[in-house]
Amino acid sequence: MLEFDLIDQVRARIHPRPDVILGIGDDAAILQVPPDRQLVVATDTLNAGVHFPVDTAPADIGWKALAVNLSDLAAMAAEPAWCTLSLSLPDSDADWLDRFLDGFLDLAARHRIALVGGDTTRGPLSIGVTVHGLVEPGRALRRDGARVGDDIWVTGSLGDAASALVLLQQASEPMLASACEAGPILPADDAVDLRIAEALAGLRSRLDRPTPRVEIGRGLAGVAHSGIDISDGLLADLGHICRGSRLAAEVEVDRLPYSPALAESFGDARRYELQATGGDDYELCFTAESAMRERIGLIAVANATPITRIGRMIEGEGVRAIGRDGAPWHPQRGGYVHFSD
Ligand code: ADP
Ligand code: MG
């Protein structure tokens with residue numbers, strides 16, 4: 001199969017948008033930007049074995065490649081509009097491409113983002129996506145807007161994706177896992193096997209199919225002072241807001257939201273670490289003045305997604321985590337740098 005056949009295969013499956021004046025097929029796309037909007041652009045690349053396990057299903061790779069980019073638009077409070085797709089493929093596999101597009105275009109349709117171009121080359125499996133979004137002038141959420149006294153909030157739950165990676169690694173190194181005293185709780189009893197298997201499947205789906213918080217991000221325009229999406233771990237990413245805003249953050253580790261599956265698979269100490277430092281969450285972290293609490297509660301209800309207050313912005317620099325006992329809390333293992341990009 002030739003490069004042009006692959007491009008035709010992509011082209012045959014895309015949905016148009018009226019503001020795409022010229023899409024796939026020419027040297028470049030032509031897009032109609034509304035006169036009263038600012039253009040917001042983000043790009044992220046996913047490499048096999050680095051940003052997703054090599055055994056990840058093609059549809060999940062397609063979903064995730066777009067999801068991590070939509071998450072960046074969400075963090076800016078931008079509305080998704082157009083995207084491009086740069087594919088480096090080891091071979092011209094029409095069946096693989098179709099399954100990849102199943103995931104990619106499913107998520108694209110949900111957010112009405114149009115695929116308007118890209119590039120197709122042969123090489124190690126790598127997927128580069130660029131997204132374009134629209135925002136009302138001056139309403140984008142930035143890292144440098146936090147103010148002293150702001151509440152700090154996070155959407156959804158933290159640590160699921162990182163915990164799935166830990167469990168996958170331990171499953172492939174069972175001897176190491178049993179020797180690891182702080183490892184997951186995996187009871188030997190057959191009766192609980194099903195429950196554990198379900199928990200693992202749930203955690204794995206959070207790794208493979210992150211939910212970009214696009215609608216929540218849109219709702220936060222004009223409500224939050226600053227925002228970021230959590231890709232490298234909460235403490236690391238909140239650190240970017242602190243640096244950008246020249247302030248410090250105080251976070252209560254016990255307030256960090258978690259899923260039932262995470263609590264079922266790990267003890268408290270390990271869970272805190274995964275929530276505070278694990279990567280690949282793709283939740284939003286934002287700051288807003290306390291007068292906005294009710295408004296934020298309504299956004300959570302409207303999107304059927306928990307939004308949890310985890311701390312506040314103070315004078316100083318850096319992120320201070322506080323444990324259940326009120327004393328400073330530090331991650332034992334120094335974060336999960338190998339999960340970051
Ligand atoms: P050029 O040589 O001018 O860069 P290409 O042959 O690379 O043209 O691409 C032809 C058309 O197909 C362009 O409109 C390009 O944007 C589009 N395209 C190429 N690869 C992809 C892809 N993976 N997804 C979407 N569009 C693609
Ligand atoms: Mg090209």
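Our numbering is plain: 1 for the first residue shown, then up by one each step along the chain.
Using the three backbone atoms N, Cα and C, a Cβ is placed for every residue, glycine included.
In TrEMBL this protein carries:
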{"type": "DOMAIN", "residues": "25-135", "note": "domain 'PurM-like N-terminal'"}
{"type": "BINDING", "residues": "D27, D72, D229", "note": "Mg(2+) 3 binding site"}
{"type": "BINDING", "residues": "D44, D72", "note": "Mg(2+) 2 binding site"}
{"type": "BINDING", "residues": "H51, D280, Y336", "note": "substrate binding site"}
{"type": "BINDING", "residues": "D232", "note": "Mg(2+) 5 binding site"}
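Counting other C-beta atoms within 10 Å of each candidate's C-beta, the binding-site residues D44, D280 are led by D280. Checked against ligand 1, the binding-site residues D27, D44, D72 give D27 in sequence order as having a Cβ less than 6 Å away from one of its atoms.
Checking the binding-site residues D27, D44, D229, D232 for a CB within less than 6 Å of any atom of ligand 2 leaves no residue at all. Candidate binding-site residues: D27, D72, D232, D280. Nearest to D44 (Mg(2+) 2 binding site) by Cα distance: D72.
Of the recorded residues, D229 (Mg(2+) 3 binding site) and D280 (substrate binding site) place their C-alpha atoms 10 Å from one another. Counting neighbouring Cβ atoms within 10 Å of each of the binding-site residues (D27, D72, D229, D232), the lowest count belongs to D27. In this structure the C-alpha atoms belonging to the residue listed as 'Mg(2+) 5 binding site' and D280 (substrate binding site) are separated by 6 Å. Note: the CA-CA distance between D280 (substrate binding site) and D72 (Mg(2+) 3 binding site) rounds to 12 Å.
A straight line from the CA of D72 (Mg(2+) 3 binding site) to the CA of H51 (substrate binding site) spans 16 Å. Distance from the CA of D27 (Mg(2+) 3 binding site) to the CA of H51 (substrate binding site) is 30 Å. Under DSSP, residues within the domain 'PurM-like N-terminal' (25-135) fall into helix, strand and coil as 35 helix, 45 strand, 31 coil. Mean model confidence for the domain 'PurM-like N-terminal' (25-135) is a pLDDT of 97.
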